[in-house]
Amino acid sequence: MDEGVADGDGDEEEDGLMDDDQGEEDEDSEDELQDEEIDEEQEARDADMDQYVRAEEAAKIGSAVAESGAIVPVKTEPSAELDKIASSISEILSRPVKGKGLMAEAPVLSERRDLLQAVDERRQEEKLRRRLAHEKKKLREAAHQPVDVLQKDFERQLKKIATRGVVKLFNAVMDYRQRQPRIDAEHKREELKEKAKRHQQHKARRLAKKSNVEADERGKKAFLAVLNSSKNAPPAAKGSAFNVKEQVKQEDVSSSSKQMVV
């Protein structure tokens with residue numbers, strides 16, 4: 001077992017060395033790509049300059065032809081302006097560059113320090129990213145132990161158990177998702193029933209309260225009508241009613257006196 005662990009550590013160290021070598025190779029390839037890009041940019045500048053000079057010469061020739069009206073042969077020898085441009089470019093390219101490393105390798109970009117700084121920052125970021133990836137790989141594989149050849153059957157059984165567990169989990173999730181709409185529909189129906197029941201109860205209470213108020217109003221109106229009718233009755237009717245009452249009293253008194261005499 002100790003030998004297996006030692007072998008694993010040795011493999012990890014070899015992997016680390018291989019990663020470092022790979023990183024150095026990547027840096028070299030990046031430097032080569034950078035040099036190629038600089039060369040391509042220089043060639044593009046030279047081509048643009050040549051095209052510009054040719055266009056300028058063609059414009060001058062065209063203007064001369066337009067003014068004179070005669071055919072002017074194209075000069076094959078370089079003009080004085082072209083010589084000046086070429087000499088200035090050669091002076092710029094031959095000028096000594098102050099700096100080390102990438103600054104000395106790229107004389108054309110020596111005046112553009114921001115581009116060089118951006119390239120250096122990008123390289124530093126790439127190095128840091130590779131270093132972090134290497135450290136993460138070490139942490140991820142720190143507790144990893146290679147499978148023993150004699151325990152392949154045991155590892156296969158563990159894989160089968162894990163597969164069955166994952167399948168059961170997925171089946172449970174699928175079953176829940178299939179039953180969820182039905183459960184939601186049932187809950188919604190129950191909520192609608194409860195809402196309708198509460199609405200009916202509220203409506204019944206409102207109607208009962210309204211009927212009670214209407215009954216009270218009718219009783220008040222009837223009582224006021226009786227009072228108004230008694231106040232608005234004529235005096236003759238009141239007197240006749242009083243006389244009737246007196247006659248009834250007299251008849252009662254006479255009948256009682258007769259009974260006493262008998």
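One-based numbering along the chain as shown.
Cβ coordinates come from backbone N, Cα and C, glycine included.
As given in TrEMBL:
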{"type": "COMPBIAS", "residues": "1-43", "note": "compositional bias 'Acidic residues'"}
{"type": "REGION", "residues": "1-50", "note": "region 'Disordered'"}
{"type": "COILED", "residues": "118-145", "note": "coiled coil"}
{"type": "COMPBIAS", "residues": "182-194", "note": "compositional bias 'Basic and acidic residues'"}
{"type": "REGION", "residues": "182-262", "note": "region 'Disordered'"}
{"type": "COMPBIAS", "residues": "195-209", "note": "compositional bias 'Basic residues'"}
{"type": "COMPBIAS", "residues": "211-220", "note": "compositional bias 'Basic and acidic residues'"}
{"type": "COMPBIAS", "residues": "253-262", "note": "compositional bias 'Polar residues'"}
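Helix, strand and coil counts under DSSP for the compositional bias 'Basic and acidic residues' (211-220) come to 10 helix, 0 strand, 0 coil. According to DSSP, the secondary structure content of the compositional bias 'Basic and acidic residues' (182-194) in residues is 13 helix, 0 strand, 0 coil.
For the compositional bias 'Basic residues' (195-209), the DSSP-based tally of helix, strand and coil residues reads 15 helix, 0 strand, 0 coil. As a whole-number mean, the pLDDT of the coiled coil (118-145) in this prediction is 88.
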